[in-house]
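Chemist: Below is a structure I'd like to ask you about.
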Amino acid sequence: MHDYPPLLSGALQLLFKHFSQRAEVLQAFKQVQLLVSNQDVDNYKQIKADLDQLRLTVEKSELWVEKSSSYENGEMGESQVKGGEEPIEESSILSPVQDGTRKPQIDSNKSNNYRIVKEILIRLSKLCVQNKKCRNQHQRLLKNMGAHSVVLDLLKIPYEKNDEKMNEVMNLAHTFLQNFCRGNPQNQVLLHKHLNLFLTPGLLEAETMRHIFMNNYHLCNEISERVVQHFVHCIETHGRHVEYLRFLQTIVKADGKYVKKCQDMVMTELINGGEDVLIFYNDRASFPILLHMMCSERDRGDESGPLAYHITLVELLAACTEGKNVYTEIKCNSLLPLDDIVRVVTHDDCIPEVKIAYVNFVNHCYVDTEVEMKEIYTSNHIWKLFENFLVDMARVCNTTTDRKHADTFLEKCVTESIMNIVSGFFNSPFSDNSTSLQTHQPVFIQLLQSAFRIYNCTWPNPAQKSSVESCIRTLAEVAKNRGIAIPVDLDSQVNTLFLKSHSNMVQRAAMGWRLSARSGPRFKEALGGPAWDYRNIIEKLQDVVASLEQQFSPMMQAEFSVLVDVLYSPELLFPEGSDARIRCGAFMSKLINHTKKLMEKEEKLCIKILQTLREMLEKKDSFVEEGNTLRKILLNRYFKGDYGVGMNGHLSGTYCKSAQGGGSFSGQDSDKMGISMSDIQCLLDKEGASELVIDVIVNTKNDRIFSEGILLGIALLEGGNTQTQYSFYQQLHEQKKSEKFFKVLYDRMKAAQKEIRSTVTVNTIDLGNKKRDDDNELMTAVRDSSLLLKEGMKGQLTEASSATSKAYCAYRREMDPEIDIMCAGSEAGHAEEKSAEEVTMSPAIAIMQPILRFLQLLCENHNRELQNFLRNQNNKTNYNLVCETLQFLDCICGSTTGGLGLLGLYINEKNVVLVNQTLESLTEYCQGPCHENQTCIATHESNGIDIIIALILNDINPLGKYRMDLVLQLKNNASKLLLAIMESRHDSENAERILFNMRPRELVDVMKNAYNQGLECDHGDDEGGDDGVSPKDVGHNIYILAHQLARHNKLLQQMLKPGSDPDDGDEALKYYANHTAQIEIVRHDRTMEQIVFPVPNICEYLTRESKFRVFNTTERDEQGSKVNDFFQQTEDLYNEMKWQKKIRNNPALFWFSRHISLWGSISFNLAVFINLAVALFYPFGDDGDEGTLSPLFSVLLWIAVAICTSMLFFFSKPVGIRPFLVSIMLRSIYTIGLGPTLILLGAANLCNKIVFLVSFVGNRGTFTRGYRAVILDMAFLYHVAYVLVCMLGLFVHEFFYSFLLFDLVYREETLLNVIKSVTRNGRSIILTAVLALILVYLFSIIGFLFLKDDFTMEVDRLKNRTPITGSNEVPTMTLTSMMGTCKNDNCSPTIPASNTEYEDGIERTCDTLLMCIVTVLNQGLRNGGGVGDVLRRPSKDEPLFAARVVYDLLFYFIVIIIVLNLIFGVIIDTFADLRSEKQKKEEILKTTCFICGLERDKFDNKTVSFEEHIKSEHNMWHYLYFLVLVKVKDPTEYTGPESYVAQMIVEKNLDWFPRMRAMSLVSNEGDSEQNEIRNLQEKLESTMSLVKQLSAQLAELKEQMTEQRKNKQRLGFLGSNTPHVNHHMPPH
C-alpha cells in the first residue's frame, strides 16, 4: 500500500515468487543435466577447469596481451566493444560452484597464455562437433556452464590487428562459437542476444553470424533491416567478400522455407548498393573478363576471388526469387536480362559452377514464377538453352566409366539444375498457352531421350535419379497432352519405367526397413552395454521430469489460484476491524495504477500482474484432487487459521465451493457461494482495469505486454458486459484517447496485412497438378495407374516414411549415443517436419486474433455507439476499423494475388481460426442492425464481399479433405455475416451487391451438398456428435440466406421451391422449407420487419393435442387480441416440449403417452359395461346364474362370441371392440358367475386407468413442474380421484362404480356446457336461492305466530316392517280437514294399526319455529301451488280466512312464480349465451388471424390470400418457435431482431406482435403509392432535362446576341462608308 514504486515492485515480485515455488522447482529440474558416463564426468571436470582458467585469463587480459603504446588509450578497445554490454551477471549465475580444487593461476610468461587459451578453445570446439555431427548434450553442457559468455568476453579484449597470435586466438574463439550454436536453436538464440558484438566488418564475424541464423526460421523472420544494411555496406566499403553474400543467402532461406520478408529486404538493399555490390559481366567490356576467369585455373580455384563472388551473387539473387515472390522477380528481371544469361550459359567456355548458378536463376526468376514472364514463353531463348543442355547431357552420358575423373559439377548441373528447369518449364501453368513447343518438337524429343539415357546410367545417386525421373514424367505427360509423337520404342520404355518405379519404390522401402531391423541388434552387441544404458538413463530423467510436471501442474494451478484470491480480496488476510483491513479497500486500484508504471521498466512483472487480473475473470474448471487439497490448505492458512478472529465457519465453505466450481470467491459476499463473473468484471472495471487496458494498448512497445493487455480486455468484456463496454466508450470518447488507441490497432492491422503479403506462399504447382489430374482422367487405365500417385498410396507412403524415420532415428541412437539425446522422444521427428509450418504463424499475424475478438466483444449485444465508433471517431484523423477488418479478410484469403477461386490455397489449418474470427467480428459490427456499418462493408472497394461469397460457394481444399468441421464453421460464419449485412434493411441495395457476383444455382447446390453431408454424418456416426457445427445447420443458414436473397431475385425464388428441380436434392429443399419459419415483428419506431429463422429442433416435440388445445382455448382480451393469453401459455408449452424430448429417451413411457386417447375411451367403455352388469343382475345369488340359462341360449352366446371375435379383424377398432366386449362379458357372467366377472372387469379398469394416468403424466410432465403445480393441476387430481373410485369399487362395494359414469361429463363438451349453464352464473343462482330462503323464513314466522293450527299433516307410520293398508276414507274433522299426503303424491295413506297416540295418523307440524321452517321449505317449494296446498283448508267463516288467502297467494306469487322462475331463467339464459359464444368462437377461429386479429375480408383481392397469411406470414406456431429460439439461443449469438424481442420478453411487453397490421397489406398500399411517386419522378426528370435544354439554348442565343451587338458597334466605329456590310452577315 506504500507509494514508493520500487518498493511496490519488490513486494509484488516477492509475492509472485512465494506463490510459484512449485513452478520454480520444476523449472530447476528441467535445467538439470545428468552426467551419466565417466566420460561425461571427465568432460565436466575438464570444462570446469578450462573455463576457470579461461575466465581468469580473460579478466587479466591486460597483463598478457601484447600492445604497442598507441593502443594504451583504448581506442581500439572502444571500437571492438561497440554495443556489446558485458554479460557479467550471467556468467556469474551460470558459473559452477568451485570444487575446492586448486585455483587456476595466470601464467607469468605471456606467450604461454596464448598457448593455453588456444588449447582450451580447441578442446571446447571439439566437444561441440565431432565428425561434422553436432553433439547436442555437450553443447547444452557448455551452455549451462556459461562457456559462451566467457568466450564472448574474450572477443571483447582489445588487441593489435598485427598481433598474429591474438588473431589465431580470435579465429579459434569464432570457430568455437560457430560450433557451439551449429544446429542448436537454443544456443543460437543465446548468441543472438549479443548480435551487436558481431556487427563488425570482420569476415570471421560474418561467418559466426551465418551460423547464428543458419536454419533458424524464427530468427531470420525477425531480423532487422539494420543487419542487412550492415552487410551490404561492408561489401561496399570492405571489398567484395563471398562471406558477406553467404550470410545474406543464409537468412533468405531457413529450414527449407523462404523468408519472404528477408528476400524483399535483401533485394532492396542490394539494389540500393548499386554497382559496388552487383557485379554482372554483361556489357561488352566486361564479358571477356568473365570468360578469362572461367578459363583460368587459378581464378576457378580461388574461393574468395571475383569469380566466386559473381557465382555467389547470382545464387543469392536466385534464392531471393525462390518461392514465387513477385516483388523480387520483377527486380531481378531488370538486373539480369535473359539475352545475357543465354550468352553466358551457351558459351563454350562456360564452366559447370557458373552454369548451375545461372540455370537456377532462370528457373526461379523466369520459369517458376507467380506472374507470367511472357518473354520466356514467346522468345527462343529457352530453346537455345535446351539445345545447350542436350550437349551437356550427352557429355555426361558419354564420360568414361572411371569415376575418379568424372566432372561431378557438370553431373550435378545436369541431374539437378537442368532437370529442375525442364520440369518447371513444362509444368508451369503458363506454358500451356505458348505455341513455341510445336515448332521445337525435335528438341523436345531429344530432351526426353537424353533424360532417359541419363536415367539408365549407373552413376546418379538416388536423389539425382528421382529428379531425372520426375523430369521424364513431366515430359511424357506434356507429350501426351499436346499430342507430340514420341518414337514408339521410347514411349514403351517410358511406360515400363513408371510401372517399375512404382513397385521399386515400395520394394526398396520395405527392403531398407528389413535390413535395418536385422542389422540393428548386431551393432548393439558390438557397441556393448554402456551406450544403451546412457540413452536409457537420459530417457528416464526425461520421464521423471515429465511425471513431475504432470504431478505439479494441478498444484501450480492451485497455487496461482490462491494468489489470485489473495490479490482479489487482500483485506481477508487481516483481522476484522484492524487498520490494515480497512486500508486494503483501495488495494486493487493501487495495483492497477502501479501496473501502468511497470510497462516501461519491469516488463516481466507487468505481464504477471496482467495475467493474474485475467485469471480473476476466467472461470476455471475444478482442479484435480491434489490441487484441491493444496488449495484448501493454503486458503485455510492465509484466510482463516492464523487469525481465528470473526472468521465464520461458512467462509471456508465458500472457498471449498469456489475451489470446486473454479469461480473466484468473494469475501464480502461470503454468504453467497462465490459471485458471478460479471460482478468481478464490473468491480475490476470500477477499479480502473479498462483504463489500464487502454493505457497498455496505447503505450507499450513490448508485444507480449500488448497481447496480455488485449487478453485482459477480452476477459473484462467476455459475455457482453455492457457496463465494461460503456466504461471503454467513456474512456475513449470523453477522455480523447481514441485517436492513439485506434491508431495502434489500425497500425497492427496494416502490419499484419503487410506481413501476410510478404510471407504468404501459394503453391501453384498444386494447381498444375490439379489440372493435370483432370486431364489424366481421360487417359488409359494403365497409364493412369502408372502415373498418378493415388491419395491412399500417398497416405500410406507418408505413414511409411514416418515409420522409417522413427526406426532410423532409433537405429542411429544405438549406433551413436551422442546423437541428439534431447530428441529422445523423436517420434516427433516426422510430426515436427509436418508441423514446422503450422507453428510459425508470424506473431504480427497471430496477434490479430485477440485484437479482432476484442473488437467483436466491444460491439457485443449490438452496442450501437461502439459499432459506430469503430467506423468513425470524429477525430482529426479517423481510423475506420470496420473497413480495415474487411481489408484484412481480403488479404488473408489471398485476394491480393487475385485468386478468388483459389481460396483453399490460402486458408489452411493454422489460419482458419483467424479467418473465422474475422468473419465473426465483421458480423458483430453489423448486427443490431448498424446500417452505416452494413453499407460500409457492402460498398467497400476491396474484394471483401466476393471473398465472403466465395467462402460459401467454393470447396476449400485441401483443408476440406481432412478437416471438414473447420470448413463448415467457415461457411457457417460467412453465411451469418451476409445475413448480418442484409439484416433489417428495407432497401435492396446490399442484397443486390451480394447477388451481383453470386450465381443462384451454385448457392442452391452448396446447400444441397451440406444437407447430403449431414445425412452421411447421421448414418456414419450416430454416437459421435461433433462439438462443431453440423453440416445440416450450415446448409440451413445458407438456405435462410438464399431465402432472404430470393426476395430480390426471381430465379433464386423459383429454385428454392421444392419440386422446381426435377433432379435430386428436392429432399434437402423440403427439409429446409419445413424447418424454416418466418414471422413479422413491429419495431420501436412502429416499422414492420420480417424475420426468417431456423425452427429449433426441440419444437418437433410439441404434441398435436397441445396444439389443438391452445388453438381452441386461447381467450381474447379486452382489445380482442389473443396474443396476451397465448404469450402466457408459451412457458408451459416450452416446458412440455422439453419434457416430451425427455420421454422420447424412454420408449415404454413414450408408447403409453402416444396412445393416451385410446386408454381414455377404454376406461369409459369398461365403466359403462360394469354399471350395466350391476344394474341388470344385482343382487346376485351365490349359486351363480349358470343354471338359469337354457342350453339353446348358451349355444347362441358361444356363436355370438365367435362372430364378435371375427368382427374384430374386419371392422375398424371402435366398431369391433364394443360387441366383442359385450359378448365376452355375458359369456363370462353365465360361465364363471357375476361376482368374479365384476372383479375381473374392475381390475382391468383399474389397470387401464393407472396406465392412462402414467400416459397423462408422461404427456404433461406433471411432476417436473414442482409440487404446487401438481396440487393445482385439476385434470391430474380428477384422474387420481378416478383411480381411487376404481379401487373403492373393486375392494369395498360394487355401487362405487356408479360414480365412474360422471366421466361422461368430463369427456363430452356439450354436456359440460349444460353443467356450465348452472355453474357459470352460480352466484346469481345462489343469491336468488338465499332470497328464497329469507322469504321462506319470513313466511314461517308468520305461520308460527298466526296459523299454527293450520299446519297439520297426515303421516304413514311403519309397523314391524309390515305396512297395513288403511281405508281410503279421509276423516273430515274440523281441525284437520286437510288430506295427508305421503311421500309419493298418489299413494294411499297408510295408517299404522297399533298407533293410538294421534287420531287417524294426523300430526301437528308447526309447534316449534324450526318445525315450521322445515315444513314451509319442504312442502311449500315442492308443491305447485306453494305451501297452501298442504295446510288445512279453512272454512270461510273463520276469522283468519282472509289472512290465509293472502298468505297462500303471496307465497305462491313471490316464492313459486317469481323466485323459482328467476333461477330457471338464469340457467336457460346462460345456456343460450354459452351456445352463441361457442358459435362466435368458431367463427373467429375460422375468419380471424390469431396473431394480428385481421379478418378474412381484409385480404380479398390482395396479392396474399387469408390462408397464405395465416400459414406463412402470421403462423401462430412460428411465433411460438421464435420465442423458443430466443430461449434456447446463446444471448451473445443473437441477431439484432432477436435481441430486440428478447428484451421485450424480459419487459413482458407485447408491442412487438403485429396488431391489426400485416406487411403484405402495407406493401400493397405502398406499391400503389410507390408507382405514383415513380411516375411523378419520371415526369420531374423529363421536365428537368427539358429545362436544361432550354436554358442551354437561351445561353447560346444570348452569346450570339452579344456577338452581333459587338459587330454592330465595330462597324459604327469604322464609319458610314460601308453601310451594307451588315446585310452580308450569315443568318443565325
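Glycine is no exception: its Cβ is also placed from the backbone N, Cα and C atoms.
I grabbed these lines from TrEMBL:
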COILED    1559-1607  coiled coil
DOMAIN    129-279  domain 'RIH'
DOMAIN    845-951  domain 'RyR/IP3R Homology associated'
DOMAIN    1195-1478  domain 'Ion transport'
REGION    74-109  region 'Disordered'
TRANSMEM  1158-1180  transmembrane segment
TRANSMEM  1192-1211  transmembrane segment
TRANSMEM  1232-1256  transmembrane segment
TRANSMEM  1276-1304  transmembrane segment
TRANSMEM  1325-1347  transmembrane segment
TRANSMEM  1449-1472  transmembrane segment
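Could you give the neighbours, burial and distances for every feature on this list?
Modeler: Mean per-residue pLDDT, taken over the domain 'RyR/IP3R Homology associated' (845-951), amounts to 85.
When Cβ-Cβ distances below 8 Å are used as the criterion, the transmembrane segment (1158-1180) is approached by residues 1152, 1214, 1217-1218, 1221-1222, 1225, 1229, 1233-1235, 1237-1238, 1241-1242, 1244-1245, 1248-1249, 1251-1252, 1255, 1282, 1289, 1294-1295, 1297-1298, 1300-1301, 1303-1304, 1307 of the same chain, each at least six residues removed from its ends.
Panel annotation: around the transmembrane segment (1449-1472), residues 1313-1314, 1316-1318, 1320-1321, 1324-1325, 1328-1329, 1331-1332, 1335-1336, 1339, 1420-1421, 1424-1428 of the same chain, lying at least six beyond its termini, place a Cβ under 8 Å from a Cβ of the stretch.
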Chemist: Mark yes when the transmembrane segment (1232-1256) and the transmembrane segment (1276-1304) have three or more Cβ pairs under 8 Å (sequence separation 6 or more) and no when they do not.
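Modeler: Yes, the transmembrane segment (1276-1304) and the transmembrane segment (1232-1256) are in contact.
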Chemist: For the domain 'RyR/IP3R Homology associated' (845-951), what does DSSP give as the number of helix, strand and coil residues?
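Modeler: Here the numbers are 75 helix, 0 strand, 32 coil.
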Chemist: Excluding the flanking five residues on each side, which residues at least 6 beyond the ends of the transmembrane segment (1232-1256) place their CB within less than 8 Å of a CB in that stretch?
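Modeler: Distant contacts of the transmembrane segment (1232-1256): 1149, 1152-1156, 1159-1160, 1162-1163, 1166-1167, 1169-1170, 1173-1174, 1177, 1180, 1184-1186, 1225, 1262, 1275-1276, 1279-1280, 1282-1283, 1286-1287, 1289-1290, 1294, 1297, 1300.
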